[in-house]
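*Asks:* Before we start, here is the structure in question, set down as structure tokens.
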Amino acid sequence: MAWGGVHTCCFHLCCCCSWPQGAVPEELHKHPGQTLLLQCQYSPKRGPYQPKSWCQQTSPSRCTLLVTSSKPWTAVQKSHYTIWDKPNAGFFNITMIQLTQNDSGFYWCGIYNASENIITVLRNISLVVSPAPTTSPMWTLPWLPTSTVLITSPEGTSGHPSINGSETRKSRAPACLGSGGPRFLVLVLCGLLLAKGLML
């Protein structure tokens, strides 16, 4: 069964589908656990209500019906598929929740003619469900509060605190000139005082 301008194929339960020739699937990308929200538009027509369907392609010429609307303005849910038709607005919504990688594949949404078992495809969807890309953990250094340090300097030295809790010290070399005592003892004492000043 065929007619001008459309391609006809049969799918599961002996139902046929038709869509414009050369139609390219729209590729949609999702991650596991996410929800697919899809809108299919059509031209509203007067007369008896025409059900709308969402099906998954199983071969180039076959498709399995997943969910079909029964009346307007009423949501129909089957498994993790939901369809809701709004004839006055000229579109119906498809929802797929809790996606898994097994949901990847080709889908069609369209107008379903139950008496002739024909669905007129409105959109051809290629759904790709893949794991979210992994990212390297971000390492941060712990925050170190600025500390204030009280420095007690021995006589002859002075301490000057600086930012970030570090300290800058200035020391004066002890006066090693003196007239009293042996020269050796004076040199030893001067060395000890100088070493102590550097350690502080």
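Here the Cβ of each residue, glycine as well, is placed from N, Cα and C on the backbone.
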*Asks:* Taking Swiss-Prot as the reference, C40 is linked by a disulphide to which residue in C109, C176, C190?
*Replies:* C109
*Asks:* Run through N93, N113 and tell me the one Swiss-Prot describes as N-linked glycosylation site.
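*Replies:* Going through N93, N113 one by one, Swiss-Prot annotates N93 as N-linked glycosylation site.
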*Asks:* Could you give the Cα-Cα distance between C109 (disulfide bond) and N93 (N-linked glycosylation site), in whole Å?
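*Replies:* The separation of the Cα atoms works out to 10 Å.
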*Asks:* If I take the alpha carbons of C40 (disulfide bond) and N93 (N-linked glycosylation site), what is the distance between them in whole Å?
*Replies:* 6
*Asks:* Given the recorded positions C40, N93, C109, which one is most crowded in terms of C-beta atoms within 10 angstroms?
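*Replies:* When each Cβ's neighbours within 10 Å are tallied, C109 tops the list.
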